[in-house]
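Everything on this sheet refers to the single structure shown next.
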Amino acid sequence: MFHRIEEALEDLKQGKVIIVCDDKNRENEGDFLALAEYITPETINFMITHGRGLVCVPLPEHYAKRLQLEPMVSQNTDSHHTAFTVSIDHISTTTGISAHERATTVRELLNPSSKGSDFNRPGHIFPLIAKDGGVLRRAGHTEAAVDLAKLCGTEPVGVICEIIKEDGTMARVPDLIQVAKQFDIKMITIEDLIAYRRHHETFVTKEVEITLPTEFGTFHAIGYTNSLDQKEHIALIKGDVSTDEPVLVRVHSECLTGDVFGSCRCDCGPQLHAALTQIEREGRGVLLYMRQEGRGIGLLNKLRAYKLQEEGLDTVEANEKLGFPADLRDYGIGAQILKDLGLQKLRLLTNNPRKIAGLQGYELEIVERVPLQMPTKQENKTYLQTKVTKLGHLLNL
């Protein structure tokens, strides 16, 4: 049904059109997408004939500034905040509406010598300003077009057109599948593009290294930042972990209430202390402390979830009541830090199969799962039972 991002990139590099939709939900809509660098009148004509939507040109903000493309409106009230600029035609065109003249306008947007005065306003091409960070910041077709152009190594500008059915209604995923088959077009999702970028790009930066004496032992501490959400993480390292021998690793998500205040609602604090103790005892290992409070929902939302648990919900139901998944954590940043430290083979201290799968997806080999089970307390018995029954944690209760 859907194609791999690599397949779509190959077609785009050949000047072909692809279809991009938000995700695999059958109610989502789709756009035709092509690279502006390879645009032709034939491609424009295909889009307006079979797509029937508005032909838009997603581009980075610095292109818009260079060409003096001001926002279409001073106050954007669009529900998706699509960043339309004023519409344009190149001054060499006549009416600007034909496929040939629209292709000319697109090509002239890429001309490095073009300036704002080279375009008439309004016109028949609709530039869109993509957010910096692309689909990792805004999961829209605008950002997808610019990201795909960058991944293809061309000018970071795309051409998109919404796909509308012959009866005038929006084409949904089942309709898009038929269109893709009819014209032998690759179809991808923005969801998969996000995953592709997370997997293939590096977002972590090593910022500072210190020696950190603790009550558990002395560790080499390295602080990291990441460009996705600007959160700061820290790795505590014991011994030489750059060899080929498997390394004992604990990826620990921040829990202020458990780690610092000793909350009995969870087993986070005891797990943290036990992991540091075990790493110190073995003389070699890594504890990666990730700022993912409350399984990724943040401190205040975790407290709100606790409040709902006091009213009878379990930890998963509380998250869902607040509008969050049961577990919002993404292990990609943690995996990149571990790879930056030179790790390849891990003996992972965890009870969570999802954590194993999350790290293995980033080419880290988990050679052994090392259980990290703490004594059950009356206050956290229900919490731990829910982790077993609903989150699949491997605990003997």
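Backbone N, Cα and C atoms are what each Cβ position is placed from, and that goes for glycine too.
Taken from Swiss-Prot, the feature active site, proton acceptor applies to ASP327, supported by sequence analysis. Note on ASP327 (active site, proton acceptor): other Cβ atoms within 10 Å of its Cβ, all shown chains, come to 21.
Residues or ranges marked as active site, nucleophile by Swiss-Prot on the basis of sequence analysis: ARG329. For ARG329 (active site, nucleophile), the Cβ neighbour count at a 10 Å cut-off comes to 20, with all displayed protein chains included.
Its Cβ taken as reference, HIS141 (D-ribulose 5-phosphate binding site) is surrounded by 27 other Cβ atoms within 10 Å in the chains shown. The annotation D-ribulose 5-phosphate binding site is assigned in Swiss-Prot to ARG26, GLU27, ASP31, ARG138, ALA139, GLY140, HIS141, THR142, GLU162 on the grounds of sequence analysis.
In this structure, HIS141 (D-ribulose 5-phosphate binding site) is part of a helix by DSSP. Annotation comment: Swiss-Prot describes GLU27, HIS141 as Mg(2+) 2 binding site.
Feature annotation from Swiss-Prot assigns Mg(2+) 1 binding site to GLU27.
Per Swiss-Prot, GTP binding site is recorded for ARG250, VAL251, HIS252, SER253, GLU254, GLN271, GLU293, GLY294, ARG295, THR315, THR350, LYS355, and the stated evidence type is sequence analysis. In the three-state DSSP reading, GLU254 (GTP binding site) counts as coil.
The secondary structure of CYS266 (Zn(2+) binding site), as reduced to three states from DSSP, is coil rather than helix or strand. There are 22 other Cβ atoms within 10 Å of the Cβ belonging to CYS266 (Zn(2+) binding site). Here Swiss-Prot flags CYS255, CYS266, CYS268 as Zn(2+) binding site.
According to Swiss-Prot, the feature region 'DHBP synthase' maps to 1-199. Per-residue pLDDT, averaged along the region 'DHBP synthase' (1-199), amounts to 94 for this model.
As annotated by Swiss-Prot, region 'GTP cyclohydrolase II' applies to 200-397.
Per Swiss-Prot, the feature site 'Essential for DHBP synthase activity' maps to HIS124 (among others); the stated evidence is sequence analysis. Contacts of HIS124 (site 'Essential for DHBP synthase activity') defined by a Cβ separation under 8 A and a same-chain sequence distance of 6+ are given as VAL55, SER87, ASP89, THR95, GLY96, ILE97, GLU101, ARG102, THR105, in order along the sequence.
Note on GLU162 (D-ribulose 5-phosphate binding site): other Cβ atoms within 10 Å of its Cβ, all shown chains, come to 18. What Swiss-Prot lists as site 'Essential for DHBP synthase activity' is GLU162 (among others).
Every protein chain considered, the tally of other Cβ atoms within 10 Å of the Cβ of ASP31 (D-ribulose 5-phosphate binding site) stands at 28. Other than the site residues CYS255, CYS266, CYS268, same-chain residues with C-beta atoms no more than 8 angstroms from the centre of those residues' C-beta atoms, the Zn(2+) site, are THR257, GLY258, ASP259, SER263, ARG265, ASP267, GLY269, GLN271. Of all the binding-site residues in the list ALA139, HIS141, CYS255, CYS266, the shortest Cα-Cα distance to ARG295 (GTP binding site) is found for CYS255. GLU293 (GTP binding site) has CYS255 as its nearest neighbour among the recorded positions ASP31, ALA139, CYS255, ASP327, ARG329, going by CA to CA distance.
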